Amino acid sequence: MKNISLLGASGSIGTQTLDVLRSHPDQFRLVAFSVGKNIDYAVKVIQEFSPQIVSVQREEDVLKLQSVSGNTKIVYGSEGLLEVALHPDAEIVVNAVVGSVGLLPTLRAIEAKKTIGIANKETLVTAGHLVMEAARKHNVSLLPVDSEHSAIFQCLNGENEKRISRLIITASGGSFRDKTRDELHHVTVEDALRHPNWSMGSKITIDSATMMNKGLEVIEAHWLFGIPYEQIDVVLHKESIIHSMVEFEDRSVMAQLGSPDMRVPIQYALTYPDRLPLSDTKQLNLWEIGTLHFEKMDQERFRCLRFAYEAGKAGGSMPAVMNAANEVAVEAFLQKRIGFLTVEDLIEKAMNHHNVIARPSLEEILEIDAATRRFVMEQI
């Protein structure tokens, strides 16, 4: 029986993580979780899983939950998030929150020697050097939950990582993969939220449409696997059947395939190095699919992917700036305050405005994050 703390239980990854726990009640126990403002959902999860601690975003929601929570302790805010991450009984902390708010709980959980199931891209994007140094120092495993990084992780199992020639990350292309840049001037929020292959939260779905999601994954892969950016490629693969590939120095290529279902990489992170049945996921029958398609990525068409490579290669504080600018811009687009292509423009402005700090401390990263958010808000 593994004890799990779950940060971000009401999001897309969080709800699918609970599906996995639900499927294997003899293998996993939910000891703590956090939610944002979805209190009705929190009540249902408390009643089903009887966790010891639950954290909510707002203080005013604490009383609402206490009246129905039984013996579950209710906490709130950033301190509450830390309490969930540091639950003494938790063996695995699944970081499924959206945005840079996941950074501090991850670092503290690593220091407490918890195994980390990392679904929060922004943690490694904004502070990859700090996270990986902490993981090495405390001998903690970072197990990828993203389908692409889980695929790479599985391809590397038992391999000599010094023999890697290239990582090849696949991209579905998002909601607008077949549109020209001219057509993108007129797309709506509703258009952007219709992802062709995956069911995800609104922020990551917009990131998929801009291709920023893939850019964040490139930076994440750089840190998780220690591979230079020059050896990380992205290929457009509309079917989302091959989740990623690894090329070795003898030009052999290993790929991980499967029907698009986020519960597969989530469960693998929780069960690693073992596997468990996942009977209600669709079996992959290649003859039903027939043909798989691949295209070279056009970084002028998908400018956010180019920004991510530029930020990653610049290093230091630049990825944190790019990430903060993106979060503010995406939120403004979702609120219909800016157009779709303005997201790219705001990110570019923020990056051009910033002078890189080579090895920023945690405090500097948090300051840069806040300053970038203010800068971008002023541009809107």
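If you go along the chain as it appears here, the first residue is 1 and each next one adds 1.
Placed from the backbone N, Cα and C atoms, the Cβ positions cover glycine too.
According to Swiss-Prot, the NADPH binding site annotation covers Ser10, Gly11, Ser12, Ile13, Gly36, Lys37, Asn38, Asn120, Glu122, Gly201. The 1-deoxy-D-xylulose 5-phosphate binding site annotation in Swiss-Prot covers Lys121, Ser147, Glu148, Ser172, His195, Ser208, Asn213, Lys214, Glu217. The Mn(2+) binding site feature in Swiss-Prot is assigned to Asp146, Glu148, Glu217; the stated evidence is sequence analysis.
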Non-site residues, in chain order, whose CB comes within 8 A of the mean position of the CB atoms of Asp146, Glu148, Glu217 at Mn(2+): Lys121, Pro144, Ser147, His149, Ser150, Ile169, Lys214, Glu220, Ala221, Ser244
Least surrounded among the binding-site residues, given as Ser12, Asn213, when other CB atoms within 10 Å are counted: Ser12
Cβ atoms near Glu122 (NADPH binding site) (within 10 Å, other residues, all chains): 26
Cα distance (Å, whole number) from Ser10 (NADPH binding site) to Glu148 (1-deoxy-D-xylulose 5-phosphate binding site): 22
Spatial separation of Gly36 (NADPH binding site) from Asn213 (1-deoxy-D-xylulose 5-phosphate binding site) - C-alpha basis, Å: 22
DSSP three-state assignment (helix, strand or coil) for Ser10 (NADPH binding site): coil
By Cα-Cα distance, the member of binding-site residues Ser10, Ser12, Gly36, Asn38 nearest Glu217 (1-deoxy-D-xylulose 5-phosphate binding site): Ser12
Neighbourhood of Lys121 (1-deoxy-D-xylulose 5-phosphate binding site), C-beta criterion under 8 angstroms, separation at least six: Asp146, Asn213, Leu216, Glu217, Ile219, Glu220
Residues Ser10, Gly11, Ser12, Ile13, Gly36, Lys37, Asn38, Asn120, Glu122, Gly201 [recorded NADPH binders]: greatest CA to CA distance in Å: 22
Residue among binding-site residues Ser10, Asn38 with least C-beta crowding, 10 angstrom cut-off: Asn38
